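Novice: Take a look at the following structure, please.
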Amino acid sequence: MESLHARLFPGLSINIQRSNGLIHPANISTVNVEKSCVSVEWIEGGTTKGKEIDIDDVAAINPELLQLLPLRPKDSLPLQENVTVPKQKRKSVNSKIPALKEGLRSRSTRMSTVSEVRIPAQENEMEVELPVPTNSRKQFAIPSHPRASCSTVTELPLLMVSEEAEEQAHSTRSTSSANPGNSVRRKSCIVKEMEKMKNKREEKRAQNSELRIKRAQEYDSSFPNWEFARMIKEFRVTMECSPLTVTDPIEEHRICVCVRKRPLNKQELAKKEIDVISVPSKCLLLVHEPKLKVDLTKYLENQAFCFDFAFDETASNEVVYRFTARPLVQTIFEGGKATCFAYGQTGSGKTHTMGGDLSGKSQNASKGIYAMASRDVFLLKNQPRYRNLNLEVYVTFFEIYNGKVFDLLNKKAKLRVLEDSRQQVQVVGLQEYLVTCADDVIKMINMGSACRTSGQTFANSNSSRSHACFQILLRTKGRLHGKFSLVDLAGNERGADTSSADRQTRMEGAEINKSLLALKECIRALGQNKAHTPFRESKLTQVLRDSFIGENSRTCMIAMISPGISSCEYTLNTLRYADRVKELSPHSGPSGEQPVQMETEVMEASSNGTSLTGNEEEELSSQMSSFNEAMTQIRELEERALEELREIIQQGPNWLELSEMTDQPDYDLETFVNKAESALTQQAKQAKHFSALREVIKALRLAMQLEEQASKQINSKKRHQ
């Protein structure tokens, strides 16, 4: 094989075989002795192509290279007994033998021995002078030969090959010519490397498949998201948990933002949902958000949120109350205003936390924050330091639904929110009830909760669709001393839950979102001590205006979240809203956990993730802006229409009274005529009110049409995404 390496050099033309079986000539560009291969190039279709071929393949396709091994000059000389050739003193031999022709390479010539060849002396023109040893001064000369037979003589030494090499080459040629398509070719180095890589990939896939099967046996694969459940379980094993306990100290905050996780309910357990929320410490919460990569690989994106307090599913209402609303009770005895909000998705446990344990439509009000705060109020009221203030405890309970206020303790009477001459917000007609003990408060809570507006959503069949506000008022000699407002906010997912609902539901969702945004801005303004508080943006913040102003005002927000995987999006929205209220960074907590990503090689058939481009977001934003403008216009025109109607009713004649007067058998006709004339005169004076009412109703109809059109455009855009 070393002799074959010597025959191969850059520029030599050899035959090669392509992958499709085609054999054609190509030129050698490089020879790699270490890898035992050569690189060849050829021109095809006007472009230069190349490949790498093993030396063994070259020998198999070009067997003539094995036959044309050159002989050294000394091997072509006859051996003579009386001639000794010293190795160091040999003189050069000048030869005029012509170059070997290409046609002779394919000729098979065999010679037995060189000594059998007899060359006439007169035909040789080559003279070789050999040195003679010192003890013998004789000279020997090779006979010369005539020039005519030089070509025949020079062919014979160069074409000498061993019999074994000739037989091997002959068998190779005969096999290749007989079955050219079935000839076994040795593979190049690149092909061998590719096959090694392929084998490694197949081995790795087999190992991963076995690992997945083994893991699947450890988990119930009937669960829809058992892969995510396994990843979450493996992640929780690595966590160091230090949950909140009753013995932990209570910290004083002007704005306290907490989060509470509820356990999985019966519906979620029946659907075999998994818990995607972890509470590793008393102020940190993790959301294990399920994700899919582009190649449909499942993984978790663990997002961290830091709050003042974080309650897991084992925390009771008593523990939540101890760290949230209880510190605020002291504030109202010091002449301040305190507010506690329960915010979150429908079905996340807001009403359970604020009002008490729910059993169907009935509620145990004694286990809620409403009743707990009332008990503490009476305990402090009876203490010696506050006994001399002669404080009286009053309660009110009202709801805000679609921008309107209703008294839950007065047969759900509609109330008006106005500002007096001192720019104080007054809820006209709101009934305040004097209570003397906690049991009286519980009765009021049960009575008001039964009248609260509710509706059906995907998450809850009996969902509270209004903001319920329970207020505890402390008065001394008729003057307000302190006020504690406990607010159970409406669910924050209504807009997404009813994408194809009627106008009433759309207006309901728009009002809820508007009030929640206004509430966030008011709380942030309170925390940053801003001069301006945007409380006029919604009825909710307008009613609670005095809770956002003043140095002695404190607020607590309890963000309620659902742990199920189907509520993950709403849970993240709730946590982001609560995070923006106080703008706490997830990296400012004591643990300093960083978001982590976990991966598993699980392939799925499809992905439900959608994304919006910049143009689509701008178009949807403009349509949403038009929808919000139409909703605001509808609210304003509705108020104006009601005012005009109220004026007509109050100042207009009482035609019903005249009609009832005629039902009397002995009514006074003179009196009837006088009242009828007076009524007609009043009717004429009210023409401007009728005209104004007509214009307002016309504008209201146009605004409703614009709202309907904007809503259809938004829904159509969402369906096409």
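Note that Cβ sites are derived from N, Cα and C of the backbone, with glycine treated the same way.
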Novice: Among ARG260, ARG416, ARG422, which residue does Swiss-Prot annotate as binding ATP at the site that also has GLY344, GLN345, THR346, GLY347, SER348, GLY349, LYS350, THR351?
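Specialist: The candidate from ARG260, ARG416, ARG422 that Swiss-Prot ties to ATP along with GLY344, GLN345, THR346, GLY347, SER348, GLY349, LYS350, THR351 is ARG260.
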Novice: Quick one: which of 185-223, 575-613, 614-652 does Swiss-Prot have down as coiled coil?
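Specialist: Here Swiss-Prot associates coiled coil with the stretch 614-652.
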Novice: Indicate whether GLN345 (ATP binding site) is helix, strand or coil by DSSP.
Specialist: coil
Novice: What is the average pLDDT across the motif 'Microtubule tip localization signal' (95-98)?
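Specialist: In the predicted model, the motif 'Microtubule tip localization signal' (95-98) has a mean pLDDT of 42.
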Novice: Helix, strand or coil by DSSP: which one applies to SER515 (phosphoserine)?
Specialist: helix
Novice: Among all chains shown, work out which of the recorded positions THR351, SER515 has the most CB atoms within 10 A of its CB.
Specialist: THR351
Novice: From the modified residues SER3, SER19, SER515, SER626, pick the residue whose C-alpha lies nearest to the C-alpha of ARG260 (ATP binding site).
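Specialist: For ARG260 (ATP binding site), the closest Cα among SER3, SER19, SER515, SER626 is found at SER515.
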Novice: Please work out which residue of SER3, SER19, GLN345, SER626 has the most C-beta neighbours within 10 angstroms of its C-beta, and give that one of the recorded positions.
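Specialist: Of SER3, SER19, GLN345, SER626, the one with the most crowded Cβ is GLN345.
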